[in-house]
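Participant: Structure in structure tokens, see below.
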Amino acid sequence: MAASKPVEPQGGTGLPRWQLALLVGTPIVLGVGAVYLWNRSRTKERKGAGERKTPEGSASPVQGNSILTFENGQDSFEELCYDSPLDRAQGAKNKGNKYFKAGKYENAIQCYTEAIALCPKEQKADLSTFYQNRAAAYEQQWTEVIQDCCQAVELNPRYIKALFRRAKALEKQDNKKECLEDVTAVCILEAFQNQQSMLLADKVLKQLGKEKAKDKYKNREPMMPSPQFIKSYFSSFTDDIISQPLQKGEKKDEDKDKEGEAAEVTESSGYLKAKQYMEEENYDKIISECTKEIESGGRYTAEALLLRATFFLLIGNATAAQPDLDRVINMQDANVKLRANALIKRGSMYMQQQQPMLSTQDFNMAAEIDTRNPDVYHHRGQLKILLDQVDEAVGDFDECILLRPDSALAQAQKCFALYRQAYTGNNPSQVQTAMDGFEDVIRRFPKCAEGYALYAQALTDQQQFGKADEMYDKCIELEPDNATTYVHKGLLQLQWKQDLDLGLELISKAIEIDNKCDFAYETMGTIEVQRGNLDKAIEMFNKAINLAKSEMEMAHLYSLCDAAYAQTEVARKYGLKPPTL
């Protein structure tokens with residue numbers, strides 16, 4: 001289940017990732033696949049914030065908190081004496097409030113309408129309140145709710161309650177774009193401290209992201225990832241027939257007895273040609289050569305199906321990959337290693353599609369048919385981490401290590417699983433044990449770049465920034481073409497030294513090394529949002545969208561892009577901007 005960037009286990013962070021693009025009022029950076037806050041306290045839910053109550057008793061532009069109260073009226077409305085039109089309007093509003101609380105909404109609407117008619121036009125704050133109260137009384141008459149909220153906002157552009165009510169009504173009318181703009185304004189005005197508005201923003205952004213990704217992903221142009229990404233992907237398998245070099249038996253007949261010569265392939269075998277292209281890193285020709293083998297019913301049909309499916313997955317075409325994987329899995333006479341590998345890849349695909357039950361079934365089946373395959377346990381361990389089942393993940397990594405003691409990757413990922421468990425469980429002694437484990441891994445496997453990278457992420461958690469930086473330097477020394485490492489090192493500079501220039505320089509270097517690194521564009525976009533460069537941020541997010549390797553990842557990126565776009569509209573309409581770096 002190799003990926004271009006680490007993934008946070010579910011429940012590992014309380015923040016929806018769209019907040020990175022909306023900016024939570026606090027500079028944020030990504031690392032360890034989690035969200036690191038330079039000031040964590042701003043994101044905690046404020047105590048005392050509750051459900052908004054309606055209607056209001058007095059005009060309230062920007063509220064100090066989200067609880068709005070009623071104004072107590074006199075027992076007998078008729079006995080009150082009002083000297084001015086505004087007093088009479090307030091009296092009508094107070095009477096409307098009583099009706100509203102009693103659930104007599106038609107009567108409340110009449111009173112609020114009277115208040116609107118009586119109120120002097122120059123009393124914009126009060127008039128805005130009357131419109132908002134009438135909007136509340138309209139209940140599910142969404143068109144009328146929106147109309148009155150529009151009047152309220154026109155009179156008082158920073159009227160939180162009217163903006164939020166209009167957002168909810170727009171959502172009911174399935175107008176997600178304008179709903180998002182309104183709730184974004186509310187979030188900014190409330191400094192991202194109100195759970196209700198944040199949940200609505202999160203909900204709408206996810207819906208928009210899924211809708212856009214479904215259409216875009218279906219019609220996207222498949223794109224081959226960088227050679228570094230492909231090599232990294234295949235390196236996560238150690239018991240994989242299709243990624244092994246050409247064997248002696250696969251050479252031309254006249255070459256079989258010639259030791260040490262480069263393999264040559266027969267004209268008739270598309271699969272063997274594809275394998276040769278693999279060795280040459282000529283990846284674009286592999287799918288077509290595998291197709292020739294499959295269509296001819298050649299000797300290597302099962303291998304060709306699996307190799308073609310693998311490259312379909314790499315270019316992000318899961319729809320084309322699944323039938324090939326299904327065929328291999330159902331070939332009872334095929335090599336069990338091929339079937340197990342197909343199950344691992346289909347299980348990983350299901351996990352990307354957020355189908356954990358199907359994913360787990362495939363991994364379990366792979367373990368049943370090939371009990372001594374270390375790849376099964378290694379990749380199932382990664383799945384368990386994603387499902388936050390750390391104990392089971394550690395058990396799988398242990399099984400992988402038992403079968404293949406030299407598996408540095410499994411050793412490092414086991415340490416990381418133990419570290420995350422100790423860190424989230426706030427167990428300092430276990431944290432230290434895990435950190436000691438990382439030291440042991442990098443001592444025994446000094447050539448394993450992943451070991452240094454995972455250790456660096458744990459060190460960043462512990463705010464040992466200098467040592468984390470050294471670990472990233474080791475990664476770069478071992479894998480100078482791995483763009484993801486430069487992104488993480490860049491993020492470290494932001495968190496450690498608040499060095500924006502160096503951080504951006506390193507992320508730009510990542511893009512220079514691999515212009516198909518979606519993680520680099522996503523991170524650059526996030527930083528540009530925080531700098532207030534929203535147009536640049538949207539450009540970066542769109543580049544990442546075009547490179548997304550799954551529909552789920554694309555949906556997430558659309559959420560970030562839509563959040564940034566909504567912020568540009570809010571700035572244009574209301575002059576609202578969160579603090580910037």
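Each residue, glycine too, has its Cβ placed from N, Cα and C.
Per TrEMBL, the feature compositional bias 'Basic and acidic residues' maps to 46-55, 248-261. Residues or ranges marked as region 'Disordered' in TrEMBL: 44-66, 245-267. Residues or ranges marked as repeat 'TPR' by TrEMBL: 89-122, 374-407, 449-482, 518-551. What TrEMBL records for 20-38 is transmembrane segment.
Help me understand the surroundings of these features in the structure.
Facilitator: When averaged over the repeat 'TPR' (374-407), pLDDT in the model lands at 95.
Across the range of the repeat 'TPR' (449-482), the DSSP-based residue counts are 27 helix, 0 strand, 7 coil.
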Participant: Other than its close neighbours in sequence, what residues sit by the repeat 'TPR' (449-482), given a CB gap under 8 Å and a spacing of at least six beyond its ends?
Facilitator: 6, 31-33, 36, 228, 232, 408-409, 411-413, 415-416, 419, 423, 431, 434-435, 438-439, 441-442, 488-489, 492, 495-497, 513-514
